[in-house]
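Quick notes on the structure that follows.
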Amino acid sequence: MEESNNSSEKGFLLLGFADEPQLERILFIIILLFYILNILGNTAIILVSCLAPKLHTPMYFFLSNLSCVDIFFTTSVAPQLLVTMNQKEKNMSYGGCVAQLYVAMGLGSSECILLAVMAYDRYAAVYRPLQYTTIMHPQLCASLASVAWLSGLITSLIQCSLTVQLPLCGHRKLDHIFCEVPVLIKLACVDTTFNEVELFVASAIFLIVPVSLILVSYGFITKAVLRIKSAAGRRKAFGTCSSHLIVVIIFYGTIIFMYLQPAKSRSKNQGKFVSLFYTIVTPVLNPIIYTLRNKDVKGAWRTLLMR
């Protein structure tokens, strides 16, 4: 019993890249820079979406929700990771690990659903432009955003609650960059077949189903765009949707690699770099992709600055 409770009493050793000190120092600077850019970029999108009347549309409503998710998602991982990378002993409290587990899982799941909702919004805008305002009315937009947030909360409560009940038998070394469900399952000293199956099913629901819906949506979008006779019109339609598609490919590609690939098939540091990508890098790319390629956002910023 004393050995089983050791992890909850003393916490964990979050190893990260401790075996490569030079790489760790470089990554510390990169993570800190990306975290600052994440906060600034996503906060800017939220502010401009709220303050510019021209951007009071379903697309920017969902984009501001995505920016909120990205800020909280990265904040649940980056500060603790930076603190741990500056420590020699790499200690992380048990309570901090559990809190990080619940928050990161919930927000990551919410982002999966939110990206699918944004694909549906683009489908309605391109495939049914005349009925767009009728289809994407404010009540539906609020309901879809609520579904994304609540679905993340529910799956987090279920998966993380099942994970924290697993006995660890004194195992304290987390060879990862943050507390994540697959990593904690590997530490358990009992049969984890049920947890692994449950995690795979939940991952399929939150990854494969949204990706399938997104691909179907973009199939209809492509069909509609090809019907446009004007070359300029086609470029504008593809430009509107391509930014969302880039985010989808980057985010889902890395997270599917982590959650649907057998852990044994990954090298020691592969999982760490993949997790680093979808928790730190992708949230920074969202504001860059959506603002640098978007004339409406740049125009709204100029108008607000002039005021």
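Backbone N, Cα and C atoms are what each Cβ position is placed from, and that goes for glycine too.
The following features are taken from TrEMBL:
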TRANSMEM  26-48  transmembrane segment
DOMAIN    41-290  domain 'G-protein coupled receptors family 1 profile'
TRANSMEM  60-81  transmembrane segment
TRANSMEM  101-120  transmembrane segment
TRANSMEM  140-158  transmembrane segment
TRANSMEM  200-221  transmembrane segment
TRANSMEM  242-261  transmembrane segment
TRANSMEM  273-292  transmembrane segment
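Under 8 Å from some Cβ of the transmembrane segment (26-48) lie the Cβ atoms of residues 17, 55, 63-64, 67-68, 70-71, 74-75, 78-79, 81-82, 85-86, 276, 280-281, 283-284, 286-288, 290-291, 297, 300-301, 304, all in the same chain and six or more residues away from its ends. With pairs at least 6 apart in sequence, the transmembrane segment (60-81) and the transmembrane segment (273-292) have 3 or more Cβ pairs within the 8 Å limit; the two touch. Across the domain 'G-protein coupled receptors family 1 profile' (41-290), the prediction's mean pLDDT works out to 85. Same-chain neighbours of the transmembrane segment (200-221): 109, 112-113, 115-116, 119-120, 122-123, 126-127, 151, 155, 158-159, 237, 241, 245, 248, 252, 255-256, 259-260, counting only residues six or more beyond its ends whose CB sits under 8 Å from a CB of the stretch.
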